[in-house]
Amino acid sequence: MAESTILIKDAKLVFTGETKSVLIKDEIIAEIDDVISEENVDKVIDAKGMILSPGFVNTHTHLSMSLFRGLADDYDLDSWLNDYIWPIEANLNENYCYIGALLAAVELIKSGTTTFSDMYFYMEDVARAIDEAGIRGVLSYGMIDFADAEKRENEFRENISLYENCNGMSDGKIKVFFGPHSPYTASKELLERVRQEANKYNTGIHIHVGETQKEVDDLVESTGMRPFEYLESLGLLGPDVVAAHAVWLSDNEIDIIKKYDVKISHNPCSNMKLASGISPVAKLLENGICVSLGTDGASSNNNLDLLEEMKFASLLQKVDTLNPLVLPACEVLKMATINGAKALGLEDEIGSIEVGKKADLILLDTNSVNMTPDSSDLCSNVVYSANGSNVDTTICNGKILMENKKLTTLDEEEIYKKARIAIKELKEMN
Ligand SMILES: C[C@H]1O[C@@H](n2cnc3c(N)ncnc32)[C@H](O)[C@@H]1O
Ligand SMILES: [Zn+2]
């Protein structure tokens, strides 16, 4: 196959403010320089005045839940899951999950996210959607056994066959993790075996932990341990674990997270909307813990826009600690990029603009009202002022997925049409 080259000309690098050109050869960032020759370049993107950022990494999603946007607003987690979400999820199928994932992919690309980590059902159909979309993703099957041994066998079959069929697919852009849902839905036996299987397959674990006070209280009552203490006692924890939420944490649990180098996916919008609580993120960061950002699903958020998530993450910590210095823009942007890459074990491949890394890059326009004037710190523009609609160009693995705000791989109108039909049918079944 002939080499394909893209030259991004004269963009402003978000972390340094310098104006540079970036040459992409196939899927790799090949050169970053003041001036790069256009000779033999297949495609030149004139990025004058635009901000170049690493593509965002969303470390906790449920893509297909985009179908449930606005379906069950204003409940707490317990009632949201039990009374609304799990009943409608019982009617999901391959086609609905595929369409939901396509809908989510449109939103991810348009808001500058090039990598996500998803836990859900019918994941091979999610993989198919993601492969068409061209983004990078870590997929896990949401394993729930409620202590039923037969169900447990099924959950392992599902996650293992997902691994066998999809890990490494889409030119290596798709990876597969194990996805035990949480300490309150997955039994001790399931959680113990997940560690063994993750070691055997040399892959990671994606789990919800410590999301609500009720979760902590119930677990303390049944086991005498708080969620991270319990997971430690089962031998589940390690640097390959991404724990979503981690809202209710004791000091001992923070020590445990640090000791095992567990990665945290902070989901401020979902935590606020479900009234779950405030994760002590400033304290986690002070302790050197790797905190990344996630949106959760579009039914508890209600969008997948990491630009919005970054701003909420920063503001929520400032108001919680009454300290405006915590989570400055630059640190939050790192949470949404390099920390996300680290959380998913992809820091050698993505998460920063460096020669040799995969070309997962986005351009934000600055010629719009909320981006005028430029601050001296471009991270400030991106984190505090921008929103998804400022993303002009999205490139993943050296492939342009959106240019001049127009998608290249997906037909958004067609997807909206199918999504509207899908949710209408699902509601009628319920
Ligand atoms: C994979 C499973 O996780 C559920 N799910 C979605 N969002 C959350 C959340 N914030 N907390 C716990 N479970 C959640 C999905 O509804 C699905 O049942
Ligand atoms: Zn979740």
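Keep in mind that glycine also has a Cβ here, set from the backbone N, Cα and C atoms.
Annotations in TrEMBL come from automatic prediction, not curation.
Among the candidates Glu150, Glu211, Glu331, the residue that TrEMBL names alongside Glu89, His181, Asp296 for the substrate site is Glu211. Listed in sequence order, the binding-site residues among His60, His62, His208, Asp296 whose CB lies under 6 angstroms from an atom of ligand 1 come out as His62, His208, Asp296. Mean pLDDT for the domain 'Amidohydrolase-related' (51-401) in the predicted structure: 98. Classification of Glu89 (substrate binding site) by DSSP places it within a helix. For the pair His181 (substrate binding site) and His62 (Zn(2+) binding site), the C-alpha distance works out to 12 angstrom. His62 (Zn(2+) binding site) is surrounded by 27 other CB atoms, counting those within 10 A of its CB over all protein chains shown.
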